[in-house]
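Working notes, beginning with the structure itself.
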Amino acid sequence: MQAKVPETCLLTVRVLRASGLPSKDLVTSSDCYVTLNLPTASSHTLQTRTVKNSRNPVWNQNFHFRIHRQLKNVMELKVFDHDLVTRDDPVLSVLFDVGTLQIGTQRQSFSLGTQEKGCLEVEFRLQTLTDCEEQLISNGIVVARELSCLHVELKRTGDPKRSERKVQLVVAGACEGPQDASAGTGSFHFHYPACWEQELNVHLQDDPHEQLKVPLRTLPSSQLVRLVFPTSQEPLMRLELKKEEGPKELAVRLGCGPCPEEQAFLSKRKQVVAAALKKALQLDQDLHEDEIPVIAVMATGGGIRAMTSLYGQLAGLQELGLLDCISYITGASGSTWALANLYEDPEWSQKDLAGPTEVLKTQVTKSKLGALAPSQLWRYRQELAERARLGHPTCFTNLWALINEALLHDKPHEHKLSDQREALSRGQNPLPIYCALNSKEQGLSTFDFGEWCEFSPYEVGFPKYGAFISSELFGSEFFMGRLVKQLPESRICFLEGIWSNLFAASLQDSLYWSSEPSQFWDRWAQDQANLDKEQVPHLKIAEPPTMAGRIAELFTDLLTKRPLAHATHNFTRGLHFHKDYFQNSHFSAWKASKLDRLPNQLTPTEPHLCLLDVGYLINTSCPPLLQPTRDVDLILSLDYNLYGAFQQLQLLSRFCQEQGIPFPSISPSPEEQRQPQECHLFCDPAQPEAPAVLHFPLVNDSFQDYSAPGVPRTSEEKAAGEVNLSSSDSPYHYTKVTYSQEDVDKLLRLTHYNICNNQDRLREAMHQAVQRRRKRKQFRPE
């Protein structure tokens, strides 16, 4: 939706009085004041005066806000007891939905909500502003408002020595934050909400009382305005100000369906899929376009184990002629490494996978000591310093990304996510989608707050908010839906670092205690020896000694903090919420957080994203396939968990049930739980809109006795069928970064075999997907 909406109002809030407030002081009554915060109208927290020594304070103060009624305007009112010695004590906190107000005046009484009988009385007055219209762009969940840009040029006047004094320029609520400069030098710009009552504040850092305040609404648009500063003494500099309208077009796509590029890809891919299905299923006739099912591969995480297994399974699908039947491949954590490697070749699925598999073997079996060689560490440092210079936030995940690249490759790869578009240009390969989880850096676990973020060669975005950007712009700075600073696209290794930073926790601690590579790997191994099963690790990790190891010291100036999560510029920053966002079906399908009813605390209010490996919540890459607009019929679930063949799939099913997302119930029998088979089909005839799931857990069943489907093992071949997948000393534990040649060969053969040995079930499931499409076609109205 994009329109001029004449629903701007003036909200006057009169804080009247409070009564019966409890005393927070030992001897006297409280000294109370009230704060008001309305982020959709102002970046400031406003405050009443303090009324001393009273349980029944009277303020009778007015505050004014310019609001738009199409937004979700939630005001936070807080009462505090002022204290000269300690932190001010909170007395009352309340959230008030301004959208419940009608035009006119209304009084509200907010109780303490405890056994106390005290309350806060506030009067709200809402008036329509008929001469003020604002253009809003919305998808029904988030809203982009009008943007203004202020250009500031500082020019020196007078004595050059005096111009060495430092000044600070601030536009509260602007994207850029405070800007520091020497008096009379520098050029700056500020992006800020056009509808707010903003001002430019200039002050001397050694004399904060010497200020210049310029109300920005009074500045004429696109005209140069000259001022001098300071005004109370001989001027140090001249300011040249120019206010302009910000970009009208958004760089963030607000929409809940596939982007035009994905739709164009699917149109091409359908032809490949239709031909492959006709051949694989031996159909007599060509499939009509509305009979072609959407079939997807969903791969979980699991480090080197997941990467290796996915190679084996894709080779199996290719051998059966079924790989061209796939429209999407989704990956998480370790399986993203396989996809990132394969998609460097635009024709990978049309070629024999033996070549890429040999490269994989070389990397998986090589020594990893070189990843922390002095020359490598210096290279990491140089690249991190260059990224910081360009404007990328620094965090430990960036260092992990470079180390991980060295573990998986012999030299740096210049490949970027957007480069993978070439592999989709003719629909010749499935569309890859990589998954991550967005969380909060402080105070909340991923179970309290976790949002699915998807990465494709076309876009990166949040289905929950219907907000997406072109993949080459990920990492650049955005504000209110507009691109304000474009940074060079990161190499894909930095994205792999995000998608797989589950492994960075142990690596991070090992790094901080180690002085040389051998100590690092010894500590890494020691940390893993205590794990008897794979568990979801906690984000909080122990702090190192004051004197960190020499390896860590090389990066202390770049990584002053140790956040595990990847900090990157938030492309949803500055977007506001539509008044009915919570009822939107696309938002409600993914709301799973205690914060989802609190728009002032959701992701668009944060300057940075906090992106994590999905393994911190559920080890799955399925959510992108559950978007109703993708309309997936069949999911081939490739699960690489060593403990619990159905555990992660059951967690996903439970999540979908709670969210009302169509998905079959995952209820394996006790026998299946005890002895999982190579392949399990889950479907729900009562939910025709739910995809069928053909689940391939990582198990060693008939492979023990057969070297190939229908070919029994000889006594000499029995050892080749022994694959350790269950015990705590499995060579395939997710923390293992090096495999023996024998172990990697066994895992590749096992996963390839499990696909090929179930070719009949695969073909039958695909046949049912075709039938499902045909049934829907019959019942579709003309």
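Glycine is treated like the rest: Cβ placed from N, Cα and C.
The active site, nucleophile feature in Swiss-Prot is assigned to Ser333. As annotated by Swiss-Prot, active site, proton acceptor applies to Asp613, with the evidence given as similarity to another entry. Residues or ranges marked as Ca(2+) 1 binding site by Swiss-Prot: Asp25, Asp31, Asp81, Asp83. Feature annotation from Swiss-Prot assigns Ca(2+) 2 binding site to Asp25, Asp81, Asp83, Asp89. According to Swiss-Prot, the domain 'C2' annotation covers 1-112, on the basis of sequence analysis. The annotation domain 'PLA2c' is assigned in Swiss-Prot to 245-782.
Annotated features taken from Swiss-Prot, shown on the structure.
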residue	record	DSSP class
Asp31	Ca(2+) 1 binding site	coil
Asp81	Ca(2+) 1 binding site	strand
Asp89	Ca(2+) 2 binding site	strand
Ser333	active site, nucleophile	coil
Asp613	active site, proton acceptor	coil
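With DSSP states grouped into helix (H, G, I), strand (E, B) and coil, the domain 'C2' (1-112) comes out at 3 helix, 63 strand, 46 coil.
Of all the recorded positions listed (Asp31, Asp81, Asp83, Asp89, Asp613), Asp613 sits in the most crowded Cβ setting, with the most other Cβ atoms within 10 Å. Applying an 8 A CB threshold to same-chain residues 6+ apart, the list for the residue listed as 'active site, nucleophile' reads Thr300, Gly301, Gly302, Gly303, Ala306, Trp499, Ser500, Leu502, Asp613, Val614, Gly615, Asn619. For the domain 'PLA2c' (245-782), the predicted model reports an average pLDDT of 88.
Nearest in space to Asp89 (Ca(2+) 2 binding site), taking C-alpha to C-alpha distance over the binding-site residues Asp31, Asp81, Asp83, is Asp81.
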